[in-house]
Amino acid sequence: MKEKLILIGNGMAGIRTLEEILKRNPDRFEITVFGKEPHPNYNRILLSSVLQGDTGVSDIVLNDYDWYKNNNITLYVGDPVVEIDTKNQVVYSEGGISSSYDHLIFATGSNPFMLPLPGADKKDVMAFRDIKDCEKMIEASKKYKKAAVIGGGLLGLEAARGLLNLDMEVDVIHLADHLMERQLDEPAARMLKEELVSQGMRFHMGKQTERILGKENVEGLRFKDGQVLDADIVVMAVGIKPNIDLAQKTKLETNRAIVINDYMETSAKNVYAVGECAEHRGIAYGLVAPLYEQGKVLAEHLCDKERKLKPGYQGSLVYTQLKVSGVDVFSAGQFQDQEGYRAIRVHDEFDGIYKKVVVKDNKVVGAVLFGDTSDSPRLLDMMKKGEDISEMNKVALLPSENGDAATESPVASMAAEETICGCNGVSKGAIVQAIHEQGLSTVEEIKQYTNAARSCGGCKPLVNDVLALTLGDEVAGADQKEPICGCTDYSHEEVVEEIKEKGLTHTREVMNVLGWKNDEGCSKCRPAINYYLGMVKPLEYEDDHTSRFINERVHANIQNDGTYSVVPRMYGGVTDSDQLRKIADVADKYKVGLLKVTGGQRIDLLGVKKEDLPSIWSDLDMPSGYAYGKTIRTVKTCVGEDFCRFGTQDSIGLGVQIEKKYERLNTPHKVKMAVSACPRNCAESGIKDIGIVGVEGAWEMYVGGNGGVDLRGGDLLCKVKTSEEVLDTISAFLQYYREDARYLERTSHWVERVGLDHIRSVVMDDQEERQALIERMEVALSPLKDPWKDIVEDEAKRKELFENKNVQVTQQ
Ligand SMILES: Cc1cc2nc3c(=O)[nH]c(=O)nc-3n(C[C@H](O)[C@H](O)[C@H](O)COP(=O)(O)OP(=O)(O)OC[C@H]3O[C@@H](n4cnc5c(N)ncnc54)[C@H](O)[C@@H]3O)c2cc1C
Ligand SMILES: NC(=O)c1ccc[n+]([C@@H]2O[C@H](COP(=O)([O-])OP(=O)(O)OC[C@H]3O[C@@H](n4cnc5c(N)ncnc54)[C@H](O)[C@@H]3O)[C@@H](O)[C@H]2O)c1
Ligand code: SF4
Ligand code: FES
């Protein structure tokens, strides 16, 4: 007769424990699982991705119903255990099932902590813990516009990003003075906040909520300082409480959670606990990595009790990563400054990178990384091993990103024992071994076999790199394909092909015909589809402005305080007294907060109210500078031959001509250009998407430069003699970029991905193709008109966009 094993809690820690048991001894136990939620085991971590629209609920199931059947596990879902008789070793469920056990595992997880505020019982006050909560938020976003998230920790910020993706306006209310204070120090938290503000979140720091306002429905919040905030829904993300009600009723020893020893044993015989409901040496963990380590120890212990001779669970080093796109942040161990600890810091304000490594007694004991987290596996490994760094050059702990290391995957230089997947504790060596021994050739296979990338998914790029490095050219082609987002399995290239092949003409049609998993799409796929449709059919396609980001929808840049900036076009950076007078008058009339000369040689009017935008555009009577769009931004010029003694060419004339020709053109990402009249390069042509430099009797054309986060010098594409040839080459290059690059891929990344030689062969060498591209560019340019003028003259548009308070916000 098999021994009977009962698991209470069908969640992440409990089921992982069963997987570990089945791996060691599949026939040892007769297993029964009771789960309170009406679902098979799913990846709770990826609820953030579901909310953010990157994946669907059905995609996050970790073990489907067949898995339980195939492993002879009896599963009761939607049926919580309500009573336990530890003397006779029997559990009783709410649905009336009684079941005896030889071994019983508690894995009941946590409940979200709900602040006991007046008004917190209203229907639209919710938590973010399970599928039900996630669905509730998605439903609410269809009815309401304003979300207040209480708590600026990991969960609150991931919820806030999701709600933004659902087109809600989001206010985050945080008790402490800086975000994620349990994981970040002040500089990193400040940089994080700046990034999130630029994504569209609004923050209320150091605020304590006193009451949730409204009669039946939520209408807002009132803070202790008397300030009131409008809101239609409230999401509480202020921490968790281990779920120990049943354990307490069963008289197990509890503290904050169920007290366990190094073998996960509780105070009752044959009763164990793992996961968030368990407390080991005073710590109840809230991240999966330690919970999985506990599961492994318990599985070993249950499968072979003699192993008790081994040391058992010793506690875990925890680390966190925030799952918000566009944000790279990592925190581990002891990261705060305190006596006896010293720190190495790198703070690059230009590129938005901050790194801090905390050292005590010559050992790395903590780290905070923002903007570039590529050092995290190495630092984590040093922390785990307690490596002595006294012989080391301390600065070498944080190598700079220059040189080959910047382009090479960090995996290449990683030692075999370094951790690739923190959630599941899988090293590079273990993955390489599995690839060789099991003949694995895709990330999916590695996931199934080693568990790497099976939880938060943050390590997937590294796993992919290990695969590529190990197999070289043999890597299975299928795995190289990157879907646009979680709404679909189609890649960018495939969507463009399908649009062309099937003659698709609008966003919803693309999503319907291609079987989008999420009917509404998300903020990743909708703008991309909108761009591709316009690129394929420039004359016929009517732009779907609801699929655009807020800046592109209102033709102005939203600022961190909710106001907007207005940047009128100044061709080639040239202006005159009339324009300057008009700008000055507008600045006075509308009380513009700040006038600022931009890096692109124009004037930015900052601090403008949204409702004033159309009148300002009308008063200025200048074209939009498109400072907000995925389009041609500026053509910067130097003074050139007219005034400069080194100038041999008319850089201003050429720059103005270029800007007038290509302004308003939709491109996969923003495009910046520059024309300098000699190699001294005063217009910085070397770091532009297209940079032109005058040399004796000719123009050199550089492409793929970037002066932003990924600093890159442009590559010399060609040297041409006349300005006509410059314009033709720009047309061919830009049109090929428009047609071939993925949406949101800068020219710098595109040039690196497809290679300069290839681009040159298409836009320079193949005369037929060059001519065809130039002609298609002329077609693409022909229907474009100034959006500001268009809105000023179109009352319906003006009303819809600027007088309707419910204009949706999708930020990138
Ligand atoms: C949105 C979100 C994002 C997250 N992101 C990350 C991340 O990026 N990285 C990370 O490491 N962690 C993350 N976490 C935390 C992680 O999901 C948890 O640490 C992990 O799920 C805890 O596992 P568990 O098995 O202890 O609890 P759970 O996964 O909560 O499972 C417990 C289960 O037990 C059930 N249960 C409770 N009482 C009973 C009963 N009496 N009878 C039967 N069943 C019962 C519950 O309904 C639940 O299904 C995230 C959490 C959330 C909510
Ligand atoms: N990426 C990840 O690793 C990830 C993502 C989501 C959730 N989680 C886990 O889920 C659990 C829950 O996350 P969490 O962020 O709710 O917990 P948390 O305890 O990490 O953060 C809660 C935050 O809420 C703030 N807070 C507390 N009371 C408040 C109040 N009255 N008003 C405003 N702010 C208040 C706190 O200052 C704190 O920063 C944690 O265990 C977390 O580790 C992890
Ligand atoms: S790039 Fe050459 S021509 Fe132009 S301003 Fe500078 S020095 Fe003069
Ligand atoms: S680091 Fe989370 S799944 Fe690998």
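Including glycine, each Cβ sits where the backbone N, Cα and C put it.
Copied over from TrEMBL:
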DOMAIN    4-280  domain 'FAD/NAD(P)-binding'
DOMAIN    320-386  domain 'NADH-rubredoxin oxidoreductase C-terminal'
DOMAIN    420-468  domain 'BFD-like [2Fe-2S]-binding'
DOMAIN    484-533  domain 'BFD-like [2Fe-2S]-binding'
DOMAIN    559-621  domain 'Nitrite/Sulfite reductase ferredoxin-like'
DOMAIN    629-766  domain 'Nitrite/sulphite reductase 4Fe-4S'
- [ ] Answer yes if the domain 'FAD/NAD(P)-binding' (4-280) and the domain 'BFD-like [2Fe-2S]-binding' (420-468) have at least three CB pairs under 8 Å among residue pairs 6 or more apart in sequence, and no otherwise.
- [x] yes
TODO: Take a look at 320-386, 420-468, 484-533, 629-766 and tell me which one has the most Cβ pairs under 8 Å to the domain 'Nitrite/Sulfite reductase ferredoxin-like' (559-621).
DONE: 629-766
TODO: Please list, for the domain 'Nitrite/sulphite reductase 4Fe-4S' (629-766), how many residues fall into helix, strand and coil according to DSSP.
DONE: 54 helix, 34 strand, 50 coil
Task: Averaged pLDDT score, the domain 'NADH-rubredoxin oxidoreductase C-terminal' (320-386) - done: 88
- [ ] Give the residue counts of the domain 'BFD-like [2Fe-2S]-binding' (420-468) per reduced DSSP state, in the order helix, strand, coil.
- [x] 28 helix, 4 strand, 17 coil
